[in-house]
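Engineer: This structure is in structure tokens; I'll ask about it shortly.
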Amino acid sequence: MGPQNEDAFNNRIQSNHDPEITAQQVKKYLQANPDFLDGFVMDEIQLEQLERWMIRKTQRTRKVTQTEKNGRKTSLSRWKFCVHADKRQMLQDLIHSLQLRPTKMHVLWELANCICSAVNADGFRLYLTDATEAESLHLCLSNSFIDENGDPKPLQIKSDAILPNYVAKVRENLRLSRGDVDHRFPRDLLDRSEMAHVMCQPIVYPDGSLVAVLELWRRDCGAPFYEEDEEIGCSYLVWGGIAIHYAHLNLVGLKQRKLNDFLLAVVKSIFQDMVSMEMLVSKIMNFAQRLVDADRASLFLVDSKSKELYATIFDVGCDSKATKTENETDPSKAPNEIRFPLGTGIAGQVALTGEVLNIVDAYADTRFNRSIDQLTGYKTESILCMPIFIRGSVIGVVQMVNKRTGCFNKEDEEAFEMFAVYCGLALHHAKLYDKIRRSEQKYRVALEVLSYHNTCTDAEVEQCLEVGIPQKIPGVDSYDFSPFDIDDHQKALYSVFMFKDLFGLGRFDQNSIIRFTLTVKKNYRRVPYHNWTHGFSVANTMYSIIKNCGAVFRPNECLALFIGSLCHDLDHRGKNNKFMLDTEAPLAAIYSTSTMEHHHFNQTVTILQQEGHNIFAKLNSSEYKQVLSLIKHCILATDLALFFPNKAKLTNLVDEEKFSWTISEHRMLIQAIAMTGADLSASAKPWEVQTETVKVIFAEFYDQGDEEKKAGRKPIPMMDRDQPDQQAASQLGFLTGICVPCYTLLHRLIPETKPMLNMCNENLKTWQKIANENAK
């Protein structure tokens, strides 16, 4: 229609000459004048309205189902999309497919079906890239080849896949029809196939890396592919690429989760059930075999001394039989162990270099030993040999043989690399476990030997029974009792007497008491001061406190106080805690605080655990735990470093009149002060006992000072034998700063201990006189 007709039509409407123009007339007019319709739409209609019309038109004309040649219905190719198909619906369907079958192959398959339907292609082929080589195509999926379940059946690509390989290389779209002249390809490229028209498009990840190449084709009866077809495919591939990317991420996540679950099972198994190296090796091989789906697995450990690899269990396979490995060449070796030098065979090479060997064709590798296959009849095809490191050194090699499906790949290497970390830790700890187990056996043997020499004999027990325990010992409960008036054997008899006098035999066995006491005597070392005489003297003083103070302490507290006093310096070496720390003695490495006191308590427990020595055997479980806890508290209280905070706490309670015998914490404090008072009781003995004790104390001090001089350190003056004039001054400071405050506080709570305070003050005066004379 010319401009005159358009103007005439407009004039007719505007002049209202024909006011009743029907929709049918407008429709007829537009059909007869398409140029007018085209111009009107282009000039007057907004783009948003056009898009809405296109979507509505697409939905109206969309076919509900799309049946393929074989009658299979797919989740994405149910409809035949036109040029302006609703992309949102397509994306929703693609996401739905991703949820149902979240694999890259299925997403690609559905995407290819969708594009094939959208461009009216007769068929397609989908060429997938190789996992290790980005531009190498290795599998082909075709709508013509599906399995009995309707799933795509992968096919190896043919050598004549020239177009897909070219597109994979250049990453550009390609359209070609039969008869086209293209200098890049032979003229007869499509002559021998049913494909008359071909369009190839690369499918890439968002980062640009190639995923696959889609080849679409039409027969002779179809039209060639045009640029519009490319645009349709590209528009879908934008969405599809994202879906494929997330399908890949999902697959990686699933694999990682599976690997993590596998490694968790490995860790639980090889660490929780660690019993022996043989069992661990067997588990590692079984796990390694499952990890990479190998037919057989072997584990060789490195003997760093002999520079050899060795194995006691090898070639664990799917059956229960074990065969020889390619490295077993020495028939003289025991059948349950094989050994060969580092660098020999494939495993030896890996152990020597620490590098991974992934061999696709074992017979093509000169390092492989074929003779074992000939002997066993087993055919080795592929090998994956991995080193196991710990602290940067190769400690073992795992060799896996014949992957059940295909060859060992990069994923197998990466998975096993992570697995090998746990293997290294497990093997390292298994070796340590074996060493500890052997050390434990050595310790038991040593303990047995020491126990024999440090435990009283049956003859000694019989001798005590023949002599008999005294029925009465005059003056033994006096604070003035001298330990120097009786010999060591009598001290043991007196200790048994004091125990019986305090606790009776209703809950205790006399033979156990005798055996325990004799063994305690034997475990005091022959040092000048901290010896059996000192242990007995402290126990005697505690006995006197308990006997004279009435019932201020409960029965189990009395039991702990007496036994704690008797054992409080067991196995003392004549050196103080500071010396132990300064010389980095083994005991200081075990106990960083109250070093010797912890050792004394542990020695007490060790003696109680020996056969026939458990004097608490008749106590119930609750009493037994309570007594042991109190004994530990009492022995640790003899550390003078704890005396000062204990004294300060107790003094505050007494000064503020808050002390209560009903509060367990308060009772623990008075027990600790009582232990200190008993331990220092030589300062509260008559002057003759005091001076005799000071002699042996300084003899021990001087021995320590001599050791410190040998180590290049300067001892404190009272431990320097070259400064004997320091004795009086040191004793004066000791009694003034520690002993008198201790007995003063003890007297405030237990008045019956006043004789100890009085005697300590008398000795203080004497030392003051000596100090004054030395000062002249």
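Cβ coordinates come from backbone N, Cα and C, glycine included.
Per TrEMBL, the feature active site, proton donor maps to His530. According to TrEMBL, the feature AMP binding site maps to His530, Asn531, Trp532, Thr533, His534, Asp569, Asp679, Gln731. The Zn(2+) 1 binding site annotation in TrEMBL covers His534, His568, Asp569, Asp679. Residues annotated as Zn(2+) 2 binding site in TrEMBL: Asp569. According to TrEMBL, the feature domain 'PDEase' maps to 457-774.
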Engineer: Averaging the per-residue pLDDT over the domain 'PDEase' (457-774), what integer do you get?
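Structural biologist: 94, rounded to a whole number.
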Engineer: By a simple count, how many Cβ atoms lie within 10 Å of the Cβ of Gln731 (AMP binding site), its own Cβ left out?
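Structural biologist: The Cβ of Gln731 (AMP binding site) has 25 Cβ neighbours within 10 Å.
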Engineer: Among all protein chains shown, how many Cβ atoms are found within 10 Å of the Cβ of Asn531 (AMP binding site), not counting that one?
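Structural biologist: By my count, 19.
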Engineer: Do me a favour and check the Cα-Cα span between Asp679 (AMP binding site) and His568 (Zn(2+) 1 binding site); whole Å is fine.
Structural biologist: 9
Engineer: Select one residue from Asp569, Asp679: among these binding-site residues, choose the one with the most other Cβ atoms within 10 Å of its Cβ.
Structural biologist: Asp569
Engineer: Give me the long-range Cβ neighbours of Trp532 (AMP binding site): same chain, 6+ apart, Cβ under 8 Å, in sequence order.
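Structural biologist: In sequence order, Asp488, Lys491, Lys521, Tyr524 meet the Cβ cut-off.
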Engineer: Enter the number of other CB atoms within 10 angstroms of the CB of Thr533 (AMP binding site).
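Structural biologist: There are 18 of them.
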Engineer: Check each residue in the chain of His568 (Zn(2+) 1 binding site) that is at least six apart in sequence and keep those whose C-beta is under 8 Å from its C-beta; list them in sequence order.
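Structural biologist: Residues satisfying the criterion: Gly535, Val538, Glu597, His600, Cys634, Ile635, Thr638, Met675, Asp679.
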Engineer: If one looks at the chain holding His534 (AMP binding site), which residues at least 6 apart in sequence have a CB under 8 angstroms from its CB?
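Structural biologist: Sequence-distant Cβ neighbours: Pro483, Tyr524, Asp569.
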Engineer: Counting every protein chain present, what is the number of Cβ atoms, excluding its own, within 10 Å of the Cβ of the residue listed as 'active site, proton donor'?
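Structural biologist: 24, counting other Cβ atoms within 10 Å of the residue listed as 'active site, proton donor'.
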Engineer: Can you list the residues of the same chain, besides His534, His568, Asp569, Asp679, whose Cβ falls within 8 Å of the Zn(2+) 1 site's Cβ centroid?
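Structural biologist: Near the Zn(2+) 1 site, beyond His534, His568, Asp569, Asp679, sit His530, Gly535, Val538, Ser565, His572, Thr638.
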Engineer: Express the distance between the Cα positions of Gln731 (AMP binding site) and the residue listed as 'active site, proton donor' as a whole number of Å.
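Structural biologist: Gln731 (AMP binding site) and the residue listed as 'active site, proton donor' have their Cα atoms 17 Å apart.
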